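Listed features, source Swiss-Prot:
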TRANSMEM  19-39  transmembrane segment
TRANSMEM  67-87  transmembrane segment
TRANSMEM  108-128  transmembrane segment
TRANSMEM  143-163  transmembrane segment
TRANSMEM  203-223  transmembrane segment
TRANSMEM  232-252  transmembrane segment
TRANSMEM  264-284  transmembrane segment
């Protein structure tokens with residue numbers, strides 16, 4: 001299967017939405033879609049009394065509206081800093097490029113975002129916001145965790161549209177040749193970095209597992225298990241679910257070029273996901289030990 005010839009810049013008819021070096025890209029639209037749909041889902045959760053029992057919802061609609069800005073900044077700043085620390089500084093070629101072009105670290109529109117960096121940025125945003133609003137930060141995390149797979153899903157679809165983060169070579173029926181005129185035109189050397197062989201569409205695998213499947217698991221935990229009443233359970237489920245999915249899919253995802261060799265054949269994605277699994281397992285064990293407190297003890301949102 002040949003990769004579809006999709007321009008990463010959004011077009012309206014024959015016109016590209018581009019102004020000099022700035023362009024509206026599918027990747028940017030994915031962020032917008034993930035944030036907007038996640039915001040609406042979080043609002044819906046706060047308004048669904050059945051998932052809270054006798055407890056007061058963790059945050060008000062107004063607080064959710066304010067939190068969106070904090071989370072957006074966390075995603076952008078954390079995602080870029082994470083890519084800089086976890087990937088650019090670990091890569092000899094990229095370190096040399098940065099030494100010659102230090103301002104490129106700010107060119108977010110040219111790509112280069114790390115999920116794990118964005119995750120840490122969102123965690124920081126939640127902690128700071130919770131302290132400011134005097135909200136239990138773990139319960140606030142429980143409200144935001146079910147939202148995250150929405151953004152992950154759209155982000156991975158955008159990775160596929162961009163023809164980036166492809167998988168390893170395969171002769172299976174799902175193999176895709178990530179090479180077309182658009183990819184060549186957007187590469188400085190006018191080549192297809194993925195080469196001429198079919199590869200796993202690992203972006204779509206990740207969209208399915210880290211996005212759709214994880215969203216459904218968390219929704220089941222909310223609506224059937226009533227885990228919004230169980231402090232930390234949804235955060236733990238997200239950490240475990242994402243970490244395990246990413247750990248498994250790193251085996252079909254093409255290793256990052258130029259990265260050093262890690263022990264036991266691990267990749268950077270694996271090394272960053274293992275702590276999520278360990279933290280999620282410990283937090284879920286701790287959460288399940290405590291009885292569900294189906295009362296209004298939590299707090300009254302400010």
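If you go along the chain as it appears here, the first residue is 1 and each next one adds 1.
Here the Cβ of each residue, glycine as well, is placed from N, Cα and C on the backbone.
These figures come from a predicted structure and were not determined experimentally.
Proximity of distant same-chain residues to the transmembrane segment (67-87), defined by a Cβ-Cβ separation under 8 Å and at least 6 residues beyond the stretch ends, is recorded for 31, 35, 39, 59, 94, 105, 108, 112-126, 128-129, 140, 144, 151, 256, 259, 268, 272. Below 8 angstroms of C-beta separation, residues 115, 138, 141-143, 145-146, 148-149, 152, 167-168, 170, 200, 202, 205-206, 209-210, 213-214, 217-218, 221-222, 225, 267, 269-270, 273-277, 279-281, 283-284, 286-288 of the same chain, each at least six residues beyond the ends of the transmembrane segment (232-252), sit close to that stretch. With a cut-off of 8 Å on Cβ pairs spaced 6 or more residues apart, the transmembrane segment (203-223) and the transmembrane segment (143-163) reach 3 or more such pairs and are scored as touching. With a threshold of 8 Å between CB atoms, the same-chain residues lying at least 6 positions outside the transmembrane segment (108-128) that come near it are 21-23, 25, 27-28, 67, 70-71, 73-88, 137, 140-141, 144, 148, 152, 155, 162, 164, 246, 269, 272-273.
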